[in-house]
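S.K.: Please see the structure below; I have some questions.
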Amino acid sequence: MALQNMDISLSTEQLLQAQAHVWNHMYAFANSMSLKCAIQLGIPDILHKHDHPMTLSQLLKAIPINKEKSQSFQRLMRALVNSNFFIEENSNNQEVCYWLTPASRLLLKGAPLTVAPLVQVVLDPTFTNPWHYMSEWFKHENHATQFEAANGCTFWEKLANKPSMGRFFDEAMSCDSRLVAHVLTKDYKHVIDGIRTLVDVGGGNGTMAKAIVEAVPTMKCTVLDLPHVVAGLESTDKLSYIGGDMFQSIPSADAILLKFIIHDWDDEEGLKILKRCKDAVGIGGKVIIIDVVVGVNHDVDEVLEDQLHFDMAMMSYFNAKERTMNEWEKLISAAGFTSYKLTPAFGVRSLIEAYP
């Protein structure tokens, strides 16, 4: 068909805006990979160690890169500034200086609230390759998940069969737990005050549980996770580890904590977990759920988009999902809980307290 005969009903301005929108999403991965590169090169750490803004020439001396690629590095910094990971300032000699933003402070390696390990896990080829199988997954029944199509095994089998990847993932989850625990014990401590015993289901190496017992010294915590996850971890009088299966049995306690657990499963499996939790706490107890509630805090910058990204990731990895409040209500009610309380406490995520 001749171009002049195509009726697209768009003005020139609309046409070019539409093209820019497509291109923006076509190359959105460039932001992700530039972020990954910044962490791998240690740019945030170098700036932080310097303790004040650095010029491009200072950065180039401090960062172990091929000096013939200095101009390319400047372009990387320009992209990262545009993504709000760094800011530009003018120095006395008019050379541009770079400094940290709140977001890049979360990328400092070894910092208490760093999210750098999580970024590196999510952007590792093991976890990015499944996205290339999305259309095939929709069309065929060969694989239960996109992850399985890409890797030849399930997500959990991959972590169990490759210990280095398992440790990589555990550290990513630990860094997330430290940030969540910081907010929970600082701003929502009343949620855990008065609890004598708590089981952190899927609590990994106990990062979250350790922070909780430090904040509430009268509490005793138990971490329940798969045997290979808790193997070798030492219990104390306040914190113990149990290797087990949450689908089979959950130890009794005043409260059960589910942080980023239910979203890994479809409704059928999620319902089984919640029923086990309800039985474990009994009347007078509660289940504390920290997870995404799609649409909550949607008016906060980037939150809804993050929630939808997480939803697509859960579909890719597990054929699971993030849930709206209506979907959460149905699941909580079906599990036999009589009431719940929702608190939009964690930005992209929310706090749900479910009562038998």
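Backbone N, Cα and C atoms are what each Cβ position is placed from, and that goes for glycine too.
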S.K.: Name the one residue among G202, G282, G284, G285 that Swiss-Prot lists for the same S-adenosyl-L-methionine site as D225, D245, M246, K259.
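M.R.: Checking G202, G282, G284, G285 against Swiss-Prot: the S-adenosyl-L-methionine site match is G202.
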S.K.: Fewest neighbouring Cβ atoms within 10 Å: which of the recorded positions K259, H263?
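M.R.: Ranked by other Cβ atoms within 10 Å, the recorded positions K259, H263 bottom out at H263.
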S.K.: Fewest other CB within 10 angstroms, which one of the binding-site residues D225, D245?
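M.R.: Result for the binding-site residues D225, D245: minimum number of other Cβ atoms within 10 Å at D245.
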S.K.: Given the binding-site residues G202, D245, M246, which one's Cα is the least distant from that of H263 (active site, proton acceptor)?
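M.R.: Given the candidates G202, D245, M246, the nearest one is G202.
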